[in-house]
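Pulled from TrEMBL:
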- 377-421: domain 'SOCS box' (DOMAIN)
- 136-165: repeat 'WD' (REPEAT)
- 166-208: repeat 'WD' (REPEAT)
- 210-251: repeat 'WD' (REPEAT)
- 252-284: repeat 'WD' (REPEAT)
- 314-348: repeat 'WD' (REPEAT)
Amino acid sequence: MASFPLSVNEKLIARSRAVGELLAPTSPFDKKCGRENWTVAFAPDGSYFAWSQGHRIVKLVPWSQCLTNFLLHGTKNVANSASTRLPRQNSDSSQRNKPCEHIIDCGDIVWSLAFGSSVPEKQSRCVNIEWHRFKFGQDQLLLATGLNNGRIKIWDVYTGKLLLNLMDHTEVVRDLTFAPDGSLILVSASRDKTLRVWDLKDDGNMMKVLRGHQNWVYGCAFSPDSSILCSVGASKAVFLWDMDKYSMIRKLEGHHNDVVACEFSPDGALLATASYDTRVYVWDPYIGVILREFGHLFPPPTPIFAGGANDRWVRSVSFSHDGLHIASLADDKMVRFWRIDEDYPIQVAPLNNGLCCTFSTDGSVLAAGTQDGSVFFWATPRQVSSLQHLCRMAIRRVMPTSQVRNLPAPSKVMEFLCYQI
């Protein structure tokens, strides 16, 4: 597929520096179908990186050792190469807190991954049950894998052992997300048109089914305070859910094609959504207004063209930890880095057959997965955040837009706090 001509502004954009590659092992008899890397994920504490190599296999690697290998052996790194293999976990309990590599056979094609960490003070929402099979400690780190057969398997990251097998979806589990508050509440999005809420501290009990999507659900994401869930799917759907009441808050309308990815900013004031309509929208989720549009086709396509097979589908979007940068991945063989206050990307990187992307925990690296099960890494745009932006993030972490608008502040300050300038 030939990439589209860059606009005048994009011709001046810097290329991102490649950090490394993890290439999936291949054999002459491998089927092309089933090797797709639909999801890549970093552990909340930055200790591990996980991705699907295709054909049921998930690889867990210690992220710091992975970076060290890139420095020692150059950017190219075959995932199962003997010369660069990372330490494997043994049965000695003293090695539990030492990150080690695991290769996990999930039993079916893996469509989604998510890390979850436990906070002991966060109790199960099922208050009537005093006995639980699992007692999750403070150092607990879990990996959830969503499979082609509708099952969700929960793994202990430190040992690589299977803990739970959740069965209720009837179709592909397309996305998974843990509540960031350490409660081990897991939400799954499926092609069966539903979202399901699971309480892993209650041994994986399914708490609620969220219905509202009329077609496949592609993705879901929690707000940083775990109070709001965004879900996206086919038929241009973007839903916001109240996770205390398990009720729909509002439906956001504006995309012209399937919406396939979503993510909140670190302060929860912004929501980014990626669509097959060639656009990434940045919303104010509290009032349902589009604040910024990042186009991947110039000039912007008409609604009819955007709603069809336009060859510029945006596959993935991710918010950086600094709250200033967004990364997007599209079918035009390009990864783009955007600032939330600029209309054009500030850096780009070439990538063939990309499917997903996410920032590392500290925001210094972007990882992107491809159709052949490989992962590519780039250094991200870095800059010192202004004191004004840091103050804005601190305020927006605790105040929704409606409360900000009631502050006794000048209009320009108000616009800044609401990300309108």
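Here the Cβ of each residue, glycine as well, is placed from N, Cα and C on the backbone.
Predicted automatically and left uncurated, TrEMBL annotations should be read as such.
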Contacting positions for the repeat 'WD' (136-165) when only residues 6+ beyond its ends and CB under 8 Å are counted: 41, 43, 45, 47-48, 50, 58, 60, 89, 96-97, 100, 102-104, 106-120, 171-176, 178, 184, 186, 188, 190, 192, 198, 200-201, 203-204
The repeat 'WD' (166-208): DSSP-derived helix, strand, coil residue counts: 3 helix, 24 strand, 16 coil
DSSP helix/strand/coil residue counts for the repeat 'WD' (314-348): 0 helix, 20 strand, 15 coil
